[in-house]
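According to Swiss-Prot, the protein has these features:
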{"type": "BINDING", "residues": "Gly13, Val14, Gly15, Lys16, Ser17, Thr18, Arg118, Arg153", "note": "ATP binding site"}
{"type": "BINDING", "residues": "Ser17", "note": "Mg(2+) binding site"}
{"type": "BINDING", "residues": "Asp35, Arg59, Gly81, Arg136", "note": "substrate binding site"}
Amino acid sequence: MTVPRVVLVGPMGVGKSTVGALVAERLGCAYRDTDDDIVTAEGRTIADIFVDEGEPVFRAIEKRAVHTALAEHDGVLALGGGAILDADTRALLAGHRVVYLSMEVDEAVKRTGLNAARPLLAVNPRRQWRELMEARRHLYTEVARAVVATDGRGPEEVAQAVLDALELKEA
């Protein structure tokens, strides 16, 4: 069994994909995103899965994708924003180098706006995002070895902060 060098968690729009690719590049390893794994395996977008099947079906698909990626991938891994909702997934993350990328609501609204591709924020994104974070923040913190705030920082700066937080050296 392989183990990811870094696992990134955090809300939608925080920059897990962008930062994850930069961290992987700096470490000289591969990058993987479980949202991409889901889209590839299912042959449709996450938004389509939500609309066609509902959130419970999506969460079951996501759980399988995360468990597979944690077992197979030895680089940098980004998880979907809601992956930490599953207790089994949180238990699997124990012992991994997990970094919670955080951001405040004003930054989140700037980044996610009214994007229709984000089904959980389709109506009143500011309120929805606050509610999601109230439900999830403690779960992100529970699984994380480090927390890196992304507000007002560019992806390069956040990537460096992730490396610094985990005391990892660039390749």
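Backbone N, Cα and C define each Cβ position, glycine as well.
Shown on the structure are the features that Swiss-Prot records.
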residue: Gly13; record: ATP binding site; DSSP class: coil
residue: Thr18; record: ATP binding site; DSSP class: helix
residue: Asp35; record: substrate binding site; DSSP class: helix
residue: Arg59; record: substrate binding site; DSSP class: helix
residue: Gly81; record: substrate binding site; DSSP class: coil
residue: Arg153; record: ATP binding site; DSSP class: coil
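For Arg59 (substrate binding site), the Cβ neighbour count at a 10 Å cut-off comes to 16, with all displayed protein chains included. In the structure as shown, the Cβ atom of Lys16 (ATP binding site) sits within 10 Å of 27 other Cβ atoms. Residue environment of Ser17 (ATP binding site) contains 15 other Cβ atoms, counted within 10 Å of its Cβ in all protein chains. Of the listed binding-site residues, namely Gly15, Arg136, the sparsest Cβ surroundings within 10 Å are found at Arg136. Within 10 Å of the C-beta of Gly13 (ATP binding site) we count 21 further C-beta atoms, all protein chains included. Whole-number maximum of the Cα to Cα distances across the substrate-binding residues Asp35, Arg59, Gly81, Arg136: 18 angstrom. In terms of C-alpha distance, the listed binding-site residues Asp35, Arg59, Gly81, Arg136 place Gly81 closest to Val14 (ATP binding site). Gly13 (ATP binding site) is 9 Å away from Gly81 (substrate binding site) when you measure Cα to Cα.
Cβ neighbour count within 10 Å across all protein chains ranks Val14 highest among the binding-site residues Val14, Asp35, Gly81, Arg153. Classification of Arg136 (substrate binding site) by DSSP places it within a helix. For the substrate site, the Cβ centre of Asp35, Arg59, Gly81, Arg136 serves as reference, and the other residues of the chain with Cβ at most 8 Å from it are Met12, Glu62, Leu79, Gly80, Gly82, Ala83, Ile84, Leu85.
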